[in-house]
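Listed features, source TrEMBL:
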type: BINDING; residues: 12-17, 59-62, 97-106, Asp132; note: FMN binding site
type: BINDING; residues: Arg346, Arg378, Ser379, Phe380, Ser381, Gly412, Leu413, Cys414, Ser415, Trp592; note: FAD binding site
type: BINDING; residues: Thr456, Ser511, Arg512, Lys517, Val518, Tyr519, Val520, Gln521; note: NADP(+) binding site
type: DOMAIN; residues: 6-150; note: domain 'Flavodoxin-like'
type: DOMAIN; residues: 199-442; note: domain 'FAD-binding FR-type'
Amino acid sequence: MSKPILLILYGSQTGTAQDTAQRIARQAKRRWLQVQVLPLDNYNVANLISESLVVFVCATTGQGDPPDNMKNFWRFLFKKSLPTGSLSRLDCAILGLGDSSYPKFNFVAKKLHKRLLQLGASILLPVGLADDQHDLGADAVIDPWLTSFWEKLFALYPSVADHFILLPPTYTFHFLDDVKEETADRLRISTDQTVHSQSQPFPARLISNKRVTDLSHFQDVRHIEFDITGSSLEFDAGDVVMMRPCNAPEDIQQFCQLLRLDPEVRFTLKATDNSAGMYACVSRLPQPCTVRHLVERYLDIAAVPRRSFFELLSTFATNELEREKLVEFSSVAGQAELHSYCNLPRRTTLEVLADFPHTTAELKVDYLLDLFPEIQPRSFSIASSLQAHPHRLQILVAVVRYKTKLYKPRRGLCSTWLASLDPAQGDVYVPLWVKKGSLKFPKEKDTPVIMVGPGTGVAPFRSALQERVAEGKTANVLFFGCRSESKDFYFRSEWEEMMNAGHLTLFTAFSRDQEDKVYVQHRVKESSGLLWDLIANKSACFYIAGNAKQMPASVSDALKEVFQQEGGMSAEEAEQMFAVLERTGRLQMETWS
């Protein structure tokens, strides 16, 4: 049998599924296979009936939702009009990337598997269900899954060979002799079109950037406001704003020094083959572009590198000790060692380059876009309503900073970048766009809303309360929790104003203000009578937003206890009632890790 053309289709939200798809593509090319890699929504799904070999790599987002770049594919695939057996020519394999701390673990991969079977596709091997929570991360599942996949392919197509050669770069850099200053305003983006998106964000002017936690508090949390006048951006309560952060100036400088690159030199890019389309960032790069612009806005040098980084880096190593270590990190057997070196201390790509100076000095610039992934957009719940703040968009951002065994504290790329922006130093513009969030609030005026949002989880509920109060919807209950009433009680004066006006019932839990820790789930249990009346008798909707670690599960358990205590239910009946509320949209969660 002749060699097949391998099509790899991915649905990726944060870039992990894209990275995995590209890793499979590299392995395929080393086996001299023709391969094409595309995001699912860039592929004409009607062509699927004529494909012979496809690998699907799919992440799951939020509460079991498909990533943004596969939503159109998802809608098409689940059309009832598609005939059974329409994919009978297709051999395929499905690799899911998920996180078992979320209730709908790898839901997209599981549902895709079921649907492809219904349509007659032949599934080559069991679905791979990678789990971020595993001690060794997603690779604990991806590695053995890929081994099984290639074995299956060898059996089907004996002509597929294994040649581990260094593949040519996806792009070549052509440096220009003249060194001109880059355009004065690197953030200038066309505002002509009415719909702003990832490819055409709106440059919003930063109006204010205020710390809202006490200076003695361990965490810096910012209330940030943007001017979106003239953007035609619209959003409802529960929607999110997206933005791409920039690398820190000191990191850009160190990167250029390590790779011996002049940050001001300009270049153009040329694709080496037709698979270059997998690198979406290239279309966003100005042509020509400076090295500084590329490193500042596109190359994710502050991320914890994935295994694929070490695989490619090892091919440049001529220093024996460094090469040995990089090959070990790239191997299946070396994953525990890599996890200990990289993932546990959250070591960045830039720090790895500094740890392997001989190999870094050998790096060829043409491989930059193969080595370093694109900086991914970050999402924030919008914390304001256009009805209360026309032409404004506000967010609440906890600046991520923590210690590991490494000397230098770890910092969140986006939150640190946002915190550094100071409108007092001159005009600051942040390119952003808005997308629909997972939380939907009731349109009916009399439907009560119960919201549980500790910490920055309160952000979407501030937007909802502003919107609901403006629309005359006054049946609002908020459970807010933080460490201390005096240090991190966000939007306190606003809540008090709403309470005094009769628009809000507020329950607070300040966990560190007394000897015994009190959390929002304790307040939920204490308010069982009120909650049962609102949910059972007044058809209230219940919302949870915040950190995915323990809070959502603890609040869910507390609510089930309310059902048992006030409704006289058994544990099983309470579970069933909870499931019905979730299924009908009367119970919704937005959580993040």
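Including glycine, each Cβ sits where the backbone N, Cα and C put it.
TrEMBL entries are annotated by machine, without manual review.
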Gly15 (FMN binding site) and Ser381 (FAD binding site), distance between Cα atoms, whole Å: 20
Helix, strand and coil counts within the domain 'Flavodoxin-like' (6-150) (DSSP): 58 helix, 35 strand, 52 coil
Rounded mean pLDDT for the residues that make up the domain 'Flavodoxin-like' (6-150): 90
Euclidean distance between Cα atoms of Ser379 (FAD binding site) and Tyr102 (FMN binding site), Å: 18
Largest inter-residue Cα distance among Arg346, Arg378, Ser379, Phe380, Ser381, Gly412, Leu413, Cys414, Ser415, Trp592 [record-listed FAD binders, Å]: 25
Same chain, 6+ residues apart, C-beta under 8 Å of the C-beta of Ser379 (FAD binding site), given in sequence order: Val240, Val241, Met242, Lys435
Most distant Cα pair in Å, residues Thr456, Ser511, Arg512, Lys517, Val518, Tyr519, Val520, Gln521 binding NADP(+): 19
Candidate with the highest Cβ count within 10 Å, taken from the binding-site residues Thr456, Ser511: Thr456
Candidate nearest Lys517 (NADP(+) binding site) in space, where candidates are the binding-site residues Ser12, Gly15, Leu413 and distance is Cα-Cα: Leu413
Spatial separation of Ser511 (NADP(+) binding site) from Arg346 (FAD binding site) - C-alpha basis, Å: 29
Candidate with sparsest Cβ neighbourhood (10 Å radius) among Ser12, Ser415, Gln521, the listed binding-site residues: Ser415
Spatial separation of Thr456 (NADP(+) binding site) from Ala59 (FMN binding site) - C-alpha basis, Å: 25
